[in-house]
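First up is the structure itself, then whatever we jot down about it.
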Amino acid sequence: MANNTADHPPGNSVAEGNHDGDFGVTVMDLRELMELRSAEAVGKIQDVHGDVQGICRRLKTSPIEGLSGNPVDLEKRHAAFGKNFIPPKKAKTFLQLVWEALQDVTLIILEIAAIISLGLSFYHPPGGDSEACGEAASGVEDEGEAQAGWIEGAAILFSVIIVVLVTAFNDWSKEKQFRGLQSRIEQEQKFTVIRKGQVIQIPVAELVVGDIAQIKYGDLLPADGILIQGNDLKIDESSLTGESDQVRKSMEKDPMLLSGTHVMEGSGRMVVSAVGLNSQTGIIFTLLGASESDEEKKVKKSKTRGKAEPTRRSKTQDGIALEIQPLKSEEAAESEEKEDKEEAKPVKKVNVTKKEKSVLQGKLTKLAVQIGKAGLIMSAVTVIILILFFVIDTFGIQGRTWVAECTPIYIQYFVKFFIIGVTVLVVAVPEGLPLAVTISLAYSVKKMMKDNNLVRHLDACETMGNATAICSDKTGTLTMNRMTVVQAYVGDTHYKKVPEPDAIKPETLEVMVNSISINSAYTTKILPPEKEGGLPRHVGNKTECALLGLVLELKRDYQPIREEIPEEKLYKVYTFNSSRKSMSTVLKNADGGYRMYSKGASEIVLRKCSSVLDAQGKARVFKLKDRDEMVHKVIEPMACDGLRTICVAYRDFPAEAGEPNWENENEILNDLTCIVVVGIEDPVRPEVPEAISKCQRAGITVRMVTGDNINTARAIATKCGILLPGEDFLCMEGKEFNQQIRNDQGEVEQERLDKVWPRLRVLARSSPTDKHTLVKGIIDSTVLEPRQVVAVTGDGTNDGPALKKADVGFAMGIAGTDVAKEASDIILTDDNFTSIVKAVMWGRNVYDSISKFLQFQLTVNVVAVIVAFTGACITQDSPLKAVQMLWVNLIMDTLASLALATEPPTESLLLRRPYGRNKPLISRTMMKNILGHAVYQLVIIFTLLFAGEKIFDIDNGRNSPLHSPPSEHYTIVFNVFVMMQLFNEINARKIHGERNVFEGIYRNPIFCSVVLGTFVLQIVIVQFGGKPFSCTSLTIDQWLWCVFIGVGELLWGQLISAIPTHHLKFLKEAGHGATKEEIHAEELTEGADEIDHAEMELRRGQILWFRGLNRIQTQIKVVNAFRSSLYPLESPESRSAIHCFMAHPEFVPQSEEEARIPIIEETGDEIEIDPLPSSSSAGAEGGGGGGGEPPSASPRSYESSI
């Protein structure tokens, strides 16, 4: 390819002069061009511009040198073609969040009750105070208190406002945190471009039209471009087209590269032709913007559609369910925008059931629903009993008749009973649970950033605490990924350290240096160290850096060779991929013949060698027995030292034989001549062995899955401590693994896999498919109890499926490709295995924090509900008033979740075994604590309630009439209740029966401040709360007694922990995980390619039905996308990509076991795939033009499209 720099000044800053005529091509020209594909596009380029060089000339850029990077020039390009940035939508305002918090059903009921109560308190009927109304009216006018009747209603409303504001503030700060996290991720994503002839990395947002960008395997393209030079390039365009087949790109056939697509193989260079809103991805988002007004209309229309509506758009209102959405990326903004619209609709929302794929969230939802149901029953019974009691007493025993003027007074009683019932419900429903989870997760995520874990899906950090197995890569995770050649076999000699240049024949040295310099990515370089005395910097592929390092050690330089043969002169390149495990480059010789250089895994390349260069530099025949001898004497000893072995070889194609068929790889990659076999050392990270032994102590099995030679893998695994001497574990190669687990038809059988995986520790020479099979097999296996929770690390594009399938996928932040990062849940910013151990610690801590909170909350719930219920039944009035209950609810829920969910983790968390999937949330020990403390509290409360006036020598507060002033008696009951909760909060810090509940309390300032703050507020409420809080101020003696009874909680706690749990056989656990049946249903939605036979039997008909629908959906989508602007799509992950590799919210199996059966519904001009109740977020946020995504839009496409 000719170098066109001659056609314009090399500086290529735009010529001075008129602005419009600066570039020979407009935005619209380029946009139209980018909408064409393959042959059409090639034709159009030739007709209009001559060739791609012509486009480069018109864009004033050089295909070789790139842009000058002159700020004036870049500014002009921004003005003419736009910036590579899609503006994010506004975040939800605080008021919107307040409105959302107000949607809570229990709060709405309370508001209504309070308003009725308020209304009635202002209504004074004539003669209402006559004796005719019976005892109901007596005492009403005492001390002029009737005027204060409105206070209770107002106080309830006030408390509701406080609760709402606190919830909204939590949501708001959470969102702010996620946006901060998002912008951090954005700044980190860079792309390689050529400017002034230098290869540099710039942030994606700084790309401009005319930039020459280098693309390579694993990239996610940040802008549209046209290929100007490519080697073996294959692109996955499924995110835009829905076609799962990889598309081959070449100058002659299809040079169009689109933003948001993934490079699956090969490398090349492209000239950027469209950025930001003008790129293909940007255009789709512009269409989305246009459809907003239609969306509004549709929302109005859909309101009339009846009952199915609320469930139609599943909501991800809560940050948990948002799973740290890409808040800055275009699609997140879109989906948020959709959510806003959905929020506005009358969606019946119960705060407790959030849809979520995480193990913990599932358990919590189930538990909260059970508690809520129990609370509902209790509150209904309370109301009924109160009303019956009142009616029987007034009209039966006193024998009165209902008089019209007494009606308001009676109604006030009924409203009071109703309010009591509702408060029982408020206290019973643990709204604090979702809040506690969110606070705990958000806090952990923030802290995990410091431990080099960038969490992309909130629930991943909690799942990590349950992990029972980690399948780790070797290179870069367990090792340092700083590779150096330490041994070589060249010219029939095995050198134990790198030989001197004069020890090798000049001819051999020449061909070796040429082979290494040319047959490697030109983006791979060794740069001088950043600071004096440091190590040289390795840029690009680390294995290639090791080989280039060898060239430098042999006192030669690779750069002049590359300059003499630039990439344009490479005739054909077979890039490295996981199936080839080798890379080859073909050059055309002056005489018309060809020379091919190859390098790759030694046992694979040696199999294809038929000769080898001897000590004289001459090729001699290399037979099968020679190869076996070489494997035995050279490769195995190197591998046993933990070295990776790479073979470098070449082959000449004579001119007279004509041009070979380059597509027939088996023929081409054969008959090679071996030049050298090198042993590359990649030292184990010094901190890894200790981290692995921590994992093993914590009950987590570490397995190594690597593409390396089995001997190398075994040596490294032994150094790391994955293999311990004298233990009976398996190390096997991918080939043998497949033979053992597949039946005669080549299908994986779970029973066979179950025989292998429990003992398997090292899987070598494995393909990405093997990794995926292993992960899926371990997750689906039921041979070991508890069921396994698997974490996987990966860095390559081909690790995507395994990362997706795993319960937690870790991608490497430094070495990882964009595709891997996008499939992952957590990104390790330092690529280090020890960070995974930190993630385990944080995960366990989240689980424990939730359990602590549950233990505390349930004690309060049990006590408050029983007290309100029995009190109401015996004394016709709840001892704890509505406002007091709301205050208790506020401490229990919001403040306690803050205090208990932010406990920092300790190393001791790693000394116990993981909980696993099926472990109940509430263990026997916790149940013992809950019931034990509840007994203490109930005994105290009832003693005070029925004998308090005698003990404290005060007036009896029972059976007081409506609107009577607050009594000391009930104030003491309320105060003692709160004091006991406060001290029980300290007890709740330990859930495994530890004695010292104060241990490490100073390490958690939040906890201390919450407890002290609550105490101070309680003093204020009791002393100055007066009528609104139904309190009257207490004397110092009474206060001391209250605190003393509270401290009794701590002593009682010691007593409870002294009782051994195993004697209490009658205690039941609660909050179990999903049952096996539910798990089956859940796995169905795990990805279409992964449905195994048992599940097929379960729901074969349904699957076929779904698949048929999938197809229809895709067709509908394609038509709609280009036909109208009614195409709000919840973009698949890859499309988030202009700056961002955050995933879209996961689609989650619903908690109810309803099957999701989509129905197709036609409304006017668009066709909607309308999932039935409990559909997951996919169809929901898909909004108008056909729910979900094209079937192969993502590895999870199956779920997405249901």
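One-based numbering along the chain as shown.
Cβ atoms here come from the backbone N, Cα and C positions, even for glycine.
Any TrEMBL annotation is an automated prediction that lacks curation.
Keep in mind it's a predicted model, so treat the numbers as computed, not measured.
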Of the residue ranges 328-347, 948-967, the one that TrEMBL records as region 'Disordered': 328-347
Distant-in-sequence neighbours of the transmembrane segment (1038-1059), which means Cβ under 8 A and at least six residues beyond its ends: 928-929, 932-933, 936-937, 940, 952, 968, 972, 975-976, 979-980, 982-984, 986-987, 993-995, 997
For the transmembrane segment (968-986), distant same-chain residues with Cβ under 8 A (at least six beyond the ends): 856, 859-860, 863-864, 867, 879-881, 884, 887-888, 891-892, 896, 899-900, 933, 936-937, 940-941, 944-945, 948-949, 952, 954-958, 997-998, 1001, 1011, 1014-1015, 1018, 1022, 1030-1032, 1034, 1038-1039, 1041-1043, 1045-1050, 1053
Whole-number mean of pLDDT values that fall within the domain 'Cation-transporting P-type ATPase N-terminal' (46-122): 80
DSSP residue counts for the domain 'Cation-transporting P-type ATPase N-terminal' (46-122), split into helix, strand and coil: 48 helix, 3 strand, 26 coil
